[in-house]
Amino acid sequence: SVGFKAGVKDYKLTYYTPDYETKDTDILAAFRVTPQPGVPPEEAGAAVAAESSTGTWTTVWTXXXTSLDRYKGRCYHIEPVAGEENQYIAYVAXXLDLFEEGSVTNMFTSIVGNVFGFKALRALRLEDLRIPPDYVKTFQGPPHGIQVERDKLNKYGRPLLGCTIKPKLGLSAKNYGRAVYECLRGGLDFTKDDENVNSQPFMRWRDRFLFCAEAIYKAQAETGEIKGHYLNATAGTCEEMIKRAVFARELGVPIVMHDYLTGGFTANTSLAHYCRDNGLLLHIHRAMHAVIDRQKNHGIHFRVLAKALRMSGGDHIHSGTVVGKLEGEREITLGFVDLLRDDFIEKDRSRGIYFTQDWVSLPGVLPVASGGIHVWHMPALTEIFGDDSVLQFGGGTLGHPWGNAPGXVANRVALEACVQARNEGRDLAREGNEIIRKACKWSPELAAACEVWKEIKFEFEAMDTL
């Protein structure tokens, strides 16, 4: 019977193809699959490939009218995960034609849209994606990228400094602007709206934008440096978001901000296009990421969300701090930090990078280290992240016993001391505390900050021991 054979059949007959040679144009995905008891890994891997491409649960007539061979996803390799029982990495190749050009939204809908609720799987995690150059080229990417940002700001040879204004909710616009001014005046490059500051009853967005712009211009005039404040343009509708970005541009400020996961990729890409067309930098916050990436066996790893952001567009993105965490976590964080900044990243499983990624001159994104860091961390941060990064100290600035401006001074002095020491060839990993202590001698602001937060034990070795 050559004709149509109705009924349910195993996915692996069609979608498990271990001898498939991947093409340069394929989008490759690495899934961590935990099958239900009794489900063979090949069937589970094939189910993932089917469900993210042409598959459905039963044989259908219209399959006869489709070139399955051309359009089906293929599970081309499966390997057990070392040290985990009944867990596998399934590699899936999906043909380029399955995706709409320039749409991160469509890419995610296709690759992770349905399959995560699949009954045959106990859990599923998307660990990495290989975006082929042909697909990368359909995206605009970051509005400006690292080099253009440095030129706009006229700041070179060091990481940039930021500060999230706290308390995140409850300040009036005028008091908020005052805190912004003090931090910038003290020596920071940027201040930041908190991710949940949008436009609430106690502070409407337009008032905030106005007072922050005033703070920026006053600080610029007094310091002779270019300053910025990440004005959060995230809103309930795309139209409102663009309206806020337009107002920011009219005020002449350098940068706006967006929560790209809660706002959604479609909104984010629209905003990124607007920002490039109008010379605004775009700072991206990853609110909601832990909902998606925190579980080890289910969800989507942050490195995939980071790649997606580079395609959708953003000039900065929050990417963890590394400091004081475990060594392995450090390697993995540095892996996706490189994916954000570099043009070409080699496959390296020890850093969680499953595929070689070629970004073909898509602009890079500055990683932002933010959360629970203070002056004693500065040598470690300078060592780990290097020059192309933004270091953000919220409480580490506003918590200074003498006030906001001295808080900013302490951070700037600590940073300049670390950068100078590094440039002189000193070993920040070993001499970090000493470098900070020495700088305290000529900066009372730094000395006061060091007193409050005390020395921390550096739980890290020099970079070159890897």
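Just so it is clear, glycine is given a Cβ too, placed from its N, Cα and C backbone atoms.
Keep in mind it's a predicted model, so treat the numbers as computed, not measured.
The following features are taken from Swiss-Prot:
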MOD_RES   K5  N6,N6,N6-trimethyllysine
BINDING   N114, T164, K168, R286, H318, S370  substrate binding site
ACT_SITE  K166  active site, proton acceptor
MOD_RES   K192  N6-carboxylysine
BINDING   K192, D194, E195  Mg(2+) binding site
ACT_SITE  H285  active site, proton acceptor
SITE      K325  site 'Transition state stabilizer'
Give me the sequence-ordered set of same-chain residues, not including K192, D194, E195, with a C-beta within 8 angstroms of the centroid of the Mg(2+) site's C-beta atoms.
T164, I165, K168, D193, N196, V197, Y230, N232, M257, H285
Taking each of D194, H285, H318 in turn, which of these recorded positions have a Cα lying within 10 angstroms of the Cα of K166 (active site, proton acceptor)?
D194
Suppose we draw a 10 Å sphere around the Cβ of E195 (Mg(2+) binding site). How many other Cβ atoms does it contain, all chains included?
21
Of all the recorded positions given, namely K192, D194, E195, H285, which is spatially nearest to K168 (substrate binding site) at the Cα level?
D194
Ten-angstrom check, please: count other Cβ atoms within 10 Å of the Cβ of R286 (substrate binding site), all chains counted.
23
Can you figure out which of D194, E195, H285 (the recorded positions) comes closest in space to N114 (substrate binding site), comparing Cα atoms?
H285
Run through T164, R286, H318 for me and report the binding-site residues whose CA is within 10 Å of the CA of K192 (N6-carboxylysine), in sequence order.
T164
When the Cα-Cα distance from E195 (Mg(2+) binding site) is computed for each of the recorded positions T164, H285, H318, S370, which gives the smallest value?
H285
DSSP three-state assignment for K166 (active site, proton acceptor):
coil
